[in-house]
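Pulled from Swiss-Prot, these are the features on record:
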- R119, T182: 4-aminobutanoate binding site (BINDING)
- N63: N-linked glycosylation site (CARBOHYD)
- N163: N-linked glycosylation site (CARBOHYD)
- N176: N-linked glycosylation site (CARBOHYD)
- N228: N-linked glycosylation site (CARBOHYD)
- S426: phosphoserine (MOD_RES)
- T427: phosphothreonine (MOD_RES)
- S433: phosphoserine (MOD_RES)
- 296-305: topological domain 'Cytoplasmic' (TOPO_DOM)
- 358-457: topological domain 'Cytoplasmic' (TOPO_DOM)
Amino acid sequence: MIITQMSQFYMAGLGLLFLINILPGTTGQVESRRQEPGDFVKQDIGGLSPKHAPDIPDDSTDNITIFTRILDRLLDGYDNRLRPGLGDAVTEVKTDIYVTSFGPVSDTDMEYTIDVFFRQTWHDERLKFDGPMKILPLNNLLASKIWTPDTFFHNGKKSVAHNMTTPNKLLRLVDNGTLLYTMRLTIHAECPMHLEDFPMDVHACPLKFGSYAYTTAEVVYSWTLGKNKSVEVAQDGSRLNQYDLLGHVVGTEIIRSSTGEYVVMTTHFHLKRKIGYFVIQTYLPCIMTVILSQVSFWLNRESVPARTVFGVTTVLTMTTLSISARNSLPKVAYATAMDWFMAVCYAFVFSALIEFATVNYFTKRSWAWEGKKVPEALEMKKKTPAVPTKKTSTTFNIVGTTYPINLAKDTEFSAISKGAAPSTSSTPTIIASPKTTCVQDIPTETKTYNSVSKVDKISRIIFPVLFAIFNLVYWATYVNRESAIKGMIRKQ
């Protein structure tokens, strides 16, 4: 019995020794499996480092670890629902804008498109830190974890924040708690237009932004570099085909509503329309149409078909031009400068047609008056007997002697030849030779052409002179107005 117990104790001891020899090898195998290439191991500093540590400098690894701890500490207990300085001071947000592209501008929708880098700077005491770097560049991921201004664009119809290939946002944190937040935006903003001077018009397209929820007692806005340098437009930033960007004016406004007073930052971009397109498409065709309508004054007044074609064609052409010129404009209730020009041109063209109608009317009346004499003369011819001879003699015979006579000069003989009746007396004073015949003026139904109408003669001078005077006054007025507007913008 004792021997059996000793043998069992001996076997248990051998088994224990065997297990002691096996376990260290097993532990080494497990650790070797964990340290495969590409795996990470814990370091004493508490960070993560690759197995191939010489590839990454130790100081860089230390900075990453340090700032990771700093950010974790800053965000620990940070409430992004509360603005900086809540209950103590007003939060000041400084802004500036860099315009990368401006345009296009839509006249029909009265809006414009602008692509900008929008920058905002503010101070947050909760984000102060001490570290090896004074400025910490960050990406957009931290922006969702901290408080940011609730800026919106008052006259923006649609705004797009670019997200390709990642959200185009930049966040920089300074050790004193100052933050710089930059984003790239494409904004479709409203631009009220007054088109009375179209197409020599100038517009001030505003860009207005401010806080949506915070009043002036909580958040105020200011320009980072002052009013002169806080808004900058790139040299090649204009995307305008019909406008020139003259400049911009920066300002600040206070608006009042039922919820309080709000600060609104404003920038007005001044645009001047290019007139070249409209000169080619509208003004020159109108001028040429008016000149063409005045060509009819130099045609014969009996050329009814030609002058009718001139008048009707030019009127229809002006109607077509006026309709096409309005297609590129919004349907405003007032007349523009182009409308006035086309209305005057239309009046000249229509007046030329009326002038022809007047001349043609009086021309037909004169033919009718001449035609009245023909039936009366034919009636007289039937009642008065005439000598059946075809030739009228230009001589007369007195006592056997023949003398030549000029009936056109001698009025007495002309009266005798026209008014004397055949006498039955046996002793006539004047004995006509066999060649003598009775002279009778009988009108014929022949159409005679009228001379140039006095109305046409006057119109050839009056119409061109009046049209030239109108053009001088029209262009002088709007060119001077354009210079005054440009001078006003430079002063601002």
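Glycine is treated like the rest: Cβ placed from N, Cα and C.
Feature annotations (Swiss-Prot) mapped to structure.
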residue : record                        : contacts (Cβ under 8 Å, 6+ apart)
N63     : N-linked glycosylation site   : P132, M133
R119    : 4-aminobutanoate binding site : T95, D96, I97, Y98, L180, Y181, T182, T224
N163    : N-linked glycosylation site   : none
N176    : N-linked glycosylation site   : H123, K128
N228    : N-linked glycosylation site   : V250
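DSSP assigns T182 (4-aminobutanoate binding site) to a strand segment in the three-state reduction. For the topological domain 'Cytoplasmic' (296-305), the residues of the chain that approach it from at least six positions outside its boundaries are 311, 352, 355-356, 359-360, 363, 449-450, 452-453, 456, 459-460, 463, judged by C-beta separation under 8 angstroms. Look at N176 (N-linked glycosylation site): DSSP puts it in coil. Under DSSP, R119 (4-aminobutanoate binding site) is assigned to a strand (E or B) in the three-state scheme. For the topological domain 'Cytoplasmic' (296-305), the number of residues in each DSSP class (helix H, G, I; strand E, B; coil) is 5 helix, 0 strand, 5 coil.
The Cβ of T182 (4-aminobutanoate binding site) has 16 neighbouring Cβ atoms from other residues within 10 Å, across all protein chains displayed.
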